[in-house]
Amino acid sequence: MEHPHPEALTVKSPPSVGGGWQTAGMLIHDLVVTTDAVAATSSRLAKVDSLAELLGRLEPDEVSPAMGFLIARPRQGRIGVGWRGVRAFEGSHADASTLTILDVDASLQLLAEASGAGSTGARTSELAGLAARATAEEWDFLSRVILGELRTGALEGVLLDAVAKASGASGPVVRRAAMLSGDLGETAQIALHGEPGALEEVGLVVGRPVLPMLASTAGSAAEALALAGAGAASVEYKLDGARIQVHRLGDDVRVYTRNLADITSRVPEIVAATRSLPVRDVILDGETLSLDEDGGPRPFQDTMARFGSESVTATVLRPWFFDLLHLDGRDLIDEPLEVRLGELERIAADWRVPGIVTSDPDAAERLSKEALEAGHEGVVVKALDSVYAAGRRGKTWVKVKPVLTYDLVVLAAEWGSGRRSGLLSNLHLGALDPDGEFGEPGGYVMVGKTFKGLTDQLLRWQTEHFPTIEVSRSAYAVHLQPVTVVEIAIDGVQRSTRYPGGVALRFARVKAYRPDKRPEEADTIQTLRGLLR
């Protein structure tokens, strides 16, 4: 286990280029050509080959920004430029390609750092300069990078395979390093330009979040027990809360979301709970949610409101922990769950998610019923011999929900009528198509519409927010960037000739928006097609 100095917990910005342009290095044009080739094929091997060839030509200082551009998540994060800002500079571009990866990285850094008096003008000037230096094709690419909607089929798994091929490293070693570092750019940098054996040395670092382990889905506790394997399993409440990962190094506590965003300043009660534990350093996995006066869970949106607010509201959050990744100098991710839970019980018994260890399907069903009656979502069944597979979804963790729910992406919203006149209401819903089986690789396939479950508050929010991510509009609908994830409950699916994926949702209704999830985490069209009988 590596322990960083406290300031290592803060990401430092690279030196400013003062608004000037780099003159050497790989051109953005090369990324455009490669991503076009990747998007044009459904062959995973062909995608990997194209990306590996590109990665092999990058200089060390180009690797991290290039990886961010390829997955439309620049290392600067959100830079505060929306669709209108990007669209304002369409139409006036360079004839020849001169813009480099480092040029764009420096420009995005200046945009991200601009604040205070005069920052609006400075940002406009910087963005205008970037647009003028780009060709039309490059600006289309950069616009989608800035807006987070690049759809090339270059999903993270494909990119990691490409990193392995370009570097000659083992695929499993590359994937493990990416999971533990939580940073594809850093992983690629080490693989391509690090010392021999450096990838194998990437491990847990207190203060650096890792990708969370994910669960598969089953229709009943009995089915989940069977999927988790023979013998007893840990059957735990599935809370209707938000995933958290908590790191403590001495008195320094950091709290991260499932997307690895640092929300420490917004959740002081979780910080206090973690500081109360009898440990020196620890990494905990769990959930948090707010409770009502009777101890029952408040709506999911109340919890997420705390994540999105810079000020602490009256809503009180309570953490529940269900896994332990590191304890006092000892990494536990490769230990069986049974060992991890034993240590968790020893240090944080009062903060554990309720659950039992059993091999009896009836006992598991009773706990599921108890969880539902308490207002939670159901249960998660976990194999006692399972290791912590960061960032992966396997059969050793299986969640059980009484209602089928799927995370889909909002593609458009229709204007309402009657009581909803003037409000954006009926949602067009899309499922991820990672391999381009029914359209563009990495794009979204429409599977249905719904306005059910939308409260007045959500209708107002949609009407205010959706125009800020508008792509186009017609007389009856506003078409959106595919960046908003919504949890949808359904009674099933049916065959459809109306939608390109051949499947339509049955009795879809909105459960909650999921700002904690990225659009590439949405459920796939193949998953929905698997429900057809």
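Heads up, the Cβ atoms here are built off N, Cα and C, so glycines get one too.
Going by TrEMBL, these are the annotated features:
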{"type": "ACT_SITE", "residues": "LYS238", "note": "active site, N6-AMP-lysine intermediate"}
{"type": "BINDING", "residues": "GLU236, ARG243, ARG258, GLU287, PHE322, ARG393, LYS399", "note": "ATP binding site"}
{"type": "DOMAIN", "residues": "320-433", "note": "domain 'ATP-dependent DNA ligase family profile'"}
Inset, instruction - Rank the recorded positions LYS238, ARG243, ARG258, ARG393, LYS399 by the number of other Cβ atoms within 10 Å of each Cβ, and give the residue at the low end. - result: ARG393
Legend entry - Cβ atoms near GLU236 (ATP binding site) (within 10 Å, other residues, all chains): 24
Legend entry - Cβ packing number for PHE322 (ATP binding site), 10 Å threshold: 25
Inset, instruction - Could you tell me which three-state DSSP class ARG258 (ATP binding site) falls into? - result: coil
Inset, instruction - Taking helix as H, G and I and strand as E and B in DSSP, count the residues of the domain 'ATP-dependent DNA ligase family profile' (320-433) in helix, strand and coil. - result: 31 helix, 53 strand, 30 coil
Inset, instruction - Work through the binding-site residues one by one (PHE322, ARG393, LYS399) and name whichever has its CA nearest to the CA of LYS238 (active site, N6-AMP-lysine intermediate). - result: LYS399
Legend entry - Mean predicted confidence [pLDDT] for the domain 'ATP-dependent DNA ligase family profile' (320-433): 92
